[in-house]
Amino acid sequence: MKLKELERPAVQAWSPASQYPLYLATGTSAQQLDSSFSTNGTLEIFEVDFRDPSLDLKHRGVLSALSRFHKLVWGSFGSGLLESSGVIVGGGDNGMLILYNVTHILSSGKEPVIAQKQKHTGAVRALDLNPFQGNLLASGASDSEIFIWDLNNLNVPMTLGSKSQQPPEDIKALSWNRQAQHILSSAHPSGKAVVWDLRKNEPIIKVSDHSNRMHCSGLAWHPDIATQLVLCSEDDRLPVIQLWDLRFASSPLKVLESHSRGILSVSWSQADAELLLTSAKDSQILCRNLGSSEVVYKLPTQSSWCFDVQWCPRDPSVFSAASFNGWISLYSVMGRSWEVQHMRQADKISSSFSKGQPLPPLQVPEQVAQAPLIPPLKKPPKWIRRPTGVSFAFGGKLVTFGLPSTPAHLVPQPCPRLVFISQVTTESEFLMRSAELQEALGSGNLLNYCQNKSQQALLQSEKMLWQFLKVTLEQDSRMKFLKLLGYSKDELQKKVATWLKSDVGLGESPQPKGNDLNSDRQQAFCSQASKHTTKEASASSAFFDELVPQNMTPWEIPITKDIDGLLSQALLLGELGPAVELCLKEERFADAIILAQAGGTDLLKQTQERYLAKKKTKISSLLACVVQKNWKDVVCTCSLKNWREALALLLTYSGTEKFPELCDMLGTRMEQEGSRALTSEARLCYVCSGSVERLVECWAKCHQALSPMALQDLMEKVMVLNRSLEQLRGPHGVSPGPATTYRVTQYANLLAAQGSLATAMSFLPRDCAQPPVQQLRDRLFHAQGSAVLGQQSPPFPFPRIVVGATLHSKETSSYRLGSQPSHQVPTPSPRPRVFTPQSSPAMPLAPSHPSPYQGPRTQNISDYRAPGPQAIQPLPLSPGVRPASSQPQLLGGQRVQVPNPVGFPGTWPLPGSPLPMACPGIMRPGSTSLPETPRLFPLLPLRPLGPGRMVSHTPAPPASFPVPYLPGDPGAPCSSVLPTTGILTPHPGPQDSWKEAPAPRGNLQRNKLPETFMPPAPITAPVMSLTPELQGILPSQPPVSSVSHAPPGVPGELSLQLQHLPPEKMERKELPPEHQSLKSSFEALLQRCSLSATDLKTKRKLEEAAQRLEYLYEKLCEGTLSPHVVAGLHEVARCVDAGSFEQGLAVHAQVAGCSSFSEVSSFMPILKAVLIIAHKLLV
């Protein structure tokens, strides 16, 4: 964009790079005339001040010249003196060469003209000063004259070559080499460039264009490479720029053709050797990147030709352009808005016409919008490369680099770059507290640690929390919890004794034991009988006197018609139930309780319930809870003002198994229904229950803004509570949840950022398999370097993928049925899906001896459970067809672990390894097909039909057969492999039954078919046409077809149709209780998302998810999922309940990456979609 402008029909020259301030010299051009048609010449100097927002240049000096100028150069000769600003050399008409002292021009003092020579015969159009020796000046004119002047002695110049050796033509340009100070080149209109060696005073090479249409208008040497130069052509027929290398001077290295008309000027940037600036007759100024031959900057000049462009030596982003319309403009290649220039022009005009007041705004009609911005260079130039840089590295490291500064008068030399690595620590208090925690955990002195924390706490809630944490480390924790809540037996004993004026023992259980009443009665009866068995029998009168004391008043049994009489009759008849009813009706509750106790446990329980329901007092609800032991009602219905009393009840009465759950319920209710203060107090409930995960979640609700010290407070409590749980359950009984893992990972990252790598690694959970923890542990281990030598490296936290491994191969297999021909079936390209079900326990499908074609095995196959007794009957199998088995099967359904091949989980195995088992299809004449889908296999074990038995012979190579896709997957079928353990041959003979033990060497025995079963007619419909009963069982199975090949000789009457099989219905099992929470979490998530979703697409996706998740529940009912998949799903459900969807997606990715695709493909993708939707909706 334009920075400055000057209206002068002149040639130009920049001040040297060492000159400050920056100047621009102009001399009246000999090729132009102004409006006055004056032929006088003028030399002017202007100061270039970019801090001035105006477009005008500041005039600093002027001098009348004897002639006009064709060329101006400004050199640093003599600038070593303090008062010198260099020398300006001008070339004029009639061979005139004039030297000016810049200092004298600026000061307007002494005579500025140093010398004036007229040696050339024509106009001097080419001038250049040597960059290494500032006193050497090269000048060129007509008749091929080139003189080398020594500014110290201008009397006798050096002449290059002789006129006889050179044809007489003008010198268009001269340029000194930028690397070799004795090399000079000249450009001629004929299209050639001559390179001179001043040491030999002769040309060493001539470069010319073979087309003879190249009219050179300028040349420039490469700033860094001594043997390269560019030539530009002013011919409109060939407006090109040629890049030559003198080492390969037969043809140019590059030819650039960006201009549409002849090129007038060229300038090579000394700050960035890849930038070449040119101006041409097409009114454009272009800047090219010579490395890529791309135009990186384009500036239109509004239909004016620029005959001279020059880079600024001091500011590399600025260049000047002198045009034939009489203007010299300064531009920047870094880009700038046009609006700035327009505003400046408008302000300038307004200031000229205004009378002390601003002009009114002008309503300008809307014009065609122009480009408001001139884009900068497409490629960042070399001069804006950072001289220094800084970057943070893992572990709190700060990496810096820099280049040593070089004085301006010295040539930069290559030097090694220095890189500094320093340790940055910003949280000293955080590190100190972390070290104290680690020391307390290592020494085991956590009681004193908790005591100190309690004393240092400023808030009462924090002090109480630390006291609770301390109690978790002590014995008899429940009684101490009660004491902290304000309930002590000793204090109560004193209060009751004061109230009753007597001592009351409170150490007994608040309830009598179940047999206390009966035992008391037996003891009383035995003691009464012992008196009469140890003494001799007395007289009859003495005996009755003892039984009935003489002074006892005889009592009567009421037989009246009032309530007492009815009670007497009921008791006399042993009807205790009606007697209790009468007592309750008359509100004689004590009598009712006594009678109910005599009537048994059920009657006593009913009486207590009716009493508690009828008698409503302030303490009746508490009595009901104590008597009925319904602690859940206490947690759910009590007032939150009495949360301390509710927690005290749980501490006193609740059993060990239910206590943690009830405490968590109370804490959750305090979080959801209580105030912020109650949310903070809920942490005490979680400490009592030992729920670290709930404690962390509660802390996250109370601390929205995370700071290092707040995280340190949390980790101190988490580590103390975790250590108390380890004392109770052992070191392997505590596994962190997603919220805890997330915060611990944050804490370890923060420690690592402060440089405490070993401390950070010590706080990570040892047995946690979550990816963030494993990745951080691996990174911390390797970041410590030699500090962990001798320690075992943690497992690699990322899945290993074998790139370029052959996943499948084409092989052949022989089937000896009659003539025993062999067939080859082409194998389609493998898909990243594999189905490896497990066969039924009652039917071993693989021999104990492996096939010689089985290759190495390195990874476990997914576990598919065999169907239970409720499974439907297996499909029949044609005689002579034996299913392929993926792994050996032991008696009783025990599974033999067979590793999968090395590679990405869920890919096809390597050649030779046992491939997934496909459910058998039906054989018909001339065909062999496996038309079953993998999903049907776990429900349908195999059973053969037809006479004959299978005999094993010499193993043969396997043959690939097409196998249909998984349900719901369109496309061509995949391939599977028939067994490689033997050759199947039908053999007539008696029908034997299948055995549960594996048959030796692959010989399989078969059950007899039912006598009433008749083989159907040959197949005329698709094989997978299921009966209505089977369609009801598997509604999602698509129809499948397969390409089949079979050897001849298979009898057609043995082919069976699937729809003629005796159907059996299978009832869907109920979801096991341990998985009910899984279903509840996912269904609740779907409901929340449906309520929050607004667009129709998301709602349809959620409806589809509800249907697809049924596949998951079905697999959970059947028990066909691998244990690690089930565990991962429960972990995802925990993340869903905690609202941590990002952590849930991380667990999902881990489970999906470590599982067989066919095992999880029906529900894992839609589960991921639901988690993403929930994360977006913030449910």
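Glycine is no exception: its Cβ is also placed from the backbone N, Cα and C atoms.
Computed from a predicted structure; not experimentally measured.
Quick look at what Swiss-Prot lists:
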type	residues	note
REPEAT	17-56	repeat 'WD 1'
REPEAT	67-110	repeat 'WD 2'
REPEAT	119-159	repeat 'WD 3'
REPEAT	166-206	repeat 'WD 4'
REPEAT	209-254	repeat 'WD 5'
REPEAT	258-298	repeat 'WD 6'
REPEAT	301-341	repeat 'WD 7'
REPEAT	391-422	repeat 'WD 8'
REGION	812-856	region 'Disordered'
COMPBIAS	814-826	compositional bias 'Polar residues'
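For the repeat 'WD 4' (166-206), the mean pLDDT of the prediction comes to 91. By the Cβ criterion (distance under 8 Å, sequence gap of 6 or more), the repeat 'WD 1' (17-56) is not counted as touching the repeat 'WD 6' (258-298), fewer than 3 such pairs being found. Using a Cβ-Cβ cut-off under 8 Å and counting only residues 6 or more beyond its ends in the same chain, the repeat 'WD 3' (119-159) has close neighbours at 30, 70-73, 75-77, 79, 87, 89, 91-97, 99, 166-176, 178, 181, 184, 186, 188, 196, 198, 201. Across the repeat 'WD 6' (258-298), DSSP helix (H, G, I), strand (E, B) and coil residues number 0 helix, 23 strand, 18 coil. Each residue of the repeat 'WD 2' (67-110) gets a DSSP state, and the totals for helix, strand and coil are 9 helix, 19 strand, 16 coil.
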